[in-house]
Amino acid sequence: MATIYYDKDANLDLLKKRKVAIIGYGSQGHAHALNLRDSGVDVRVGLAAGSKSKAKAEGAGLRVLSVAEASKEADVIMVLIPDQTQKKVYDEEIAPHLSKGKALLFAHGFNIHFVQVRPPADVDVLLVAPKGPGHMVRRQYQDGRGIPGLVAVHQDATGQAKAVGLAYARGIGCTRAGVLETTFKEETETDLFGEQAVLCGGAAALVKNGFEVLVEAGYQPESAYFECLHELKLIVDLMYEGGLAWMRHSISDTAEYGDYTRGPRVVDGRSKDEMRKILKEIQGGHFAKEFILENQAGGPTMARYRAAEAAHPIEEVGKRLRDMMSWIREAKKDSSDPGSR
């Protein structure tokens, strides 16, 4: 069982004595910067030259510097830019300013675990990862609550790495809900597996296949969309609220019986075997190498997939149906910038 830390376990004063730099101002970056600022921490934001986020950050009352300037000034540096850009930014703008005793933080362990970023031995390296999107991290903080999170230490040069991580987690509100102790290896590998096999890859493939089966059988695309994609949120929300048992308690007996007797025929032992293969590819670094090489080549495979998926009939049908749903338009407006990639 994981060790869980709360407000009482975290000394925010430890962070208030230091200067913090948030590198990036996207979904997580804006939430971290604003929550830390409101917790009384000395925060600055580091952005690339010409970043569109500069005006947003300054409009929120934050001090904006270049990544290099922010890294030079700060004692604690949180890297919140995309995985594929971290190595270059780190090598060119952060590493030259990592003097002894500083702390380097990440919200995802990819580049540390797969040795793309190689910090010097005399700095602390740790992970603080809220388990929710940035707008929720911010909203919960403002409401006096918090999002559960993860904390991990990769390198403890000062003897205070975990304490700094817990202080940071408290500053953004996570220790209000609880912060689970983990490792860079566990966070990285389970996060990638969840994305690929279940949350993104698995769910998207299941939805698309279900849609295609119904349309190929002669049913209207609109009906197929409702049954295989739109209503998925209803089921996921129930699982989110109370697990599989609550979902099954909340649906009809017909749906529950079909769940038990037909679900394992769709996602069966063969699917589980493929999941194991995917996990091994992650553990062995094969996926990381593939993704790194893809980005070094300019992302041609990703571009082909994006174009092909955008042209799938489910997208056109979905757009027409979502235009009928005013609450979806309102939700998208509420969760827009700064929540972009």
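Using the three backbone atoms N, Cα and C, a Cβ is placed for every residue, glycine included.
Taken from Swiss-Prot, the feature active site covers HIS108, and the record attributes it to sequence analysis. Within the same chain, residues at least 6 positions away in sequence whose Cβ sits under 8 Å from that of HIS108 (active site) are ASP83, LEU127, ALA129, GLU187, THR188, ASP191.
Per Swiss-Prot, the feature Mg(2+) 2 binding site maps to ASP191, GLU227, GLU231. According to DSSP, ASP191 (Mg(2+) 2 binding site) is assigned to a helical segment.
For the recorded site, SER252 (substrate binding site), the DSSP three-state label reads coil. Summarising the annotation, Swiss-Prot assigns substrate binding site to SER252 and lists sequence analysis as the type of evidence.
Under the heading domain 'KARI N-terminal Rossmann', Swiss-Prot lists 1-182.
Swiss-Prot lists 183-328 with the feature domain 'KARI C-terminal knotted', giving sequence analysis as the kind of evidence.
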Integer Å distance between the CA atoms belonging to SER252 (substrate binding site) and GLU227 (Mg(2+) 2 binding site): 15
Cβ packing number for GLU227 (Mg(2+) 2 binding site), 10 Å threshold: 14
Pairwise Cα distance for GLU231 (Mg(2+) 2 binding site)/SER252 (substrate binding site) [Å, integer]: 14
Neighbour count (Cβ, 10 Å) for ASP191 (Mg(2+) 2 binding site): 18
